[in-house]
Ligand SMILES: CC(C)(COP(=O)(O)OP(=O)(O)OC[C@H]1O[C@@H](n2cnc3c(N)ncnc32)[C@H](O)[C@@H]1OP(=O)(O)O)[C@@H](O)C(=O)NCCC(=O)NCCS
């Protein structure tokens, strides 16, 4: 019998859960002032604690969101976060128990998928999460930036205060829409914990672009170093950049490169196919310094997830999916451009559910996975068919860190 039990948390223990989570990541507890802001971000019924008696030893929670999938549908998703187990309780199955309980409750809530950002890449694969989108880190020597010729947008960019930022950003985000696979809706607490916190406490700035139809894009950035540290490098980090059109996207980046007293511009977890190199005259000023996993995706309901996305024109393929944690997902699925059905037909390719998640938004091909020995190939010709069916036009990307 387990030496701990999982319970749903309520207001009386949200703060203890938050302190436990921060402690697991080696941070101190939130101050009273910060807690006033943070407590609103705990959704009743969605946070769990692992307890031995009255003592909490682990926690995990999630927010309800929507995930854009290939073809444009938006599926109910659990955005999982604040996962932590006390250092003196790790490797005793606490996270495993929390995950099982969370899967059950998300499925009861009708959530088709779950998404998270992982502190370490070795944690979540065993629970059926796969890396479904990645981002690249960019570093640009601002002094060497010469912008490629452009007519601009004819719009205007203005720096805004916290109140305006709080009003404008969610509206612009909604206007821009979940325009590529992997994007998620942003829940109220996300804005609070990111935009509000950044502008209020972390010296972040927000610049809003407006055109003929009003506000249509914004960038949030923070500058560190420079004047505060004599002889130090002044580094501008783009934290968030949302645009309703490609022209506005380009204009916001041009704005970023024009901010004075900046030596270096950094973009974290930017889309793999963001064409920043084409915005500048000398493409070598845009250095890709890292490529990291972004979205870890768990298909909670495989039939519903497979049915929600669209497939490109290609001959059908039969995928056999293995799911150790949620065995009712186990089985074979015949995938065609017209849809998906469970089948008893012989499988062409056999793979675990975390690897299906990795292919789901288009981040990796079946051929690549097979090359690495991660897919059992029954029929070699099926790899090209599966790649073609799952192909998407754009690199998947979320852009929402939580
Ligand atoms: C990650 C963490 C939550 C794991 O909790 P845990 O209770 O130790 O996990 P479990 O005991 O249920 O582990 C299940 C399996 O995953 C493995 N595992 C879990 N976390 C691991 C890690 N960080 N590195 C390597 N293996 C890990 C365990 O060895 C175990 O393997 P087994 O099934 O083969 O025995 C915990 O280590 C932690 O709080 N870390 C610091 C905070 C953090 O990183 N949180 C995640 C934020 S995204």
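Each residue, glycine too, has its Cβ placed from N, Cα and C.
According to TrEMBL:
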- 124: active site, proton donor (ACT_SITE)
- 402: active site, proton acceptor (ACT_SITE)
- 83, 84, 85, 91, 92, 93, 94, 95, 96, 119, 120: acetyl-CoA binding site (BINDING)
- 4-148: domain 'N-acetyltransferase' (DOMAIN)
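Recorded features from TrEMBL, shown on the structure.
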residue : record                       : contacts (Cβ under 8 Å, 6+ apart)
83      : acetyl-CoA binding site      : 21, 59, 60, 95, 98, 116
85      : acetyl-CoA binding site      : 24, 50, 57, 58, 94, 95
92      : acetyl-CoA binding site      : 3, 4
96      : acetyl-CoA binding site      : 127
120     : acetyl-CoA binding site      : none
124     : active site, proton donor    : 116, 118, 296, 298
402     : active site, proton acceptor : 63, 79, 81, 117, 190, 193, 194
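Residues 94, 96, 120, taken from the recorded positions 94, 96, 120, 124, 402, are distinguished by a CB atom under 6 angstroms from ligand 1. Mean model confidence for the domain 'N-acetyltransferase' (4-148) is a pLDDT of 97. Cβ neighbours within 10 Å of residue 94 (acetyl-CoA binding site), excluding its own Cβ and spanning all shown chains: 24. For the domain 'N-acetyltransferase' (4-148), the number of residues in each DSSP class (helix H, G, I; strand E, B; coil) is 45 helix, 52 strand, 48 coil. Across the residues annotated as binding acetyl-CoA (83, 84, 85, 91, 92, 93, 94, 95, 96, 119, 120), the two Cα atoms farthest apart lie 19 Å from each other.
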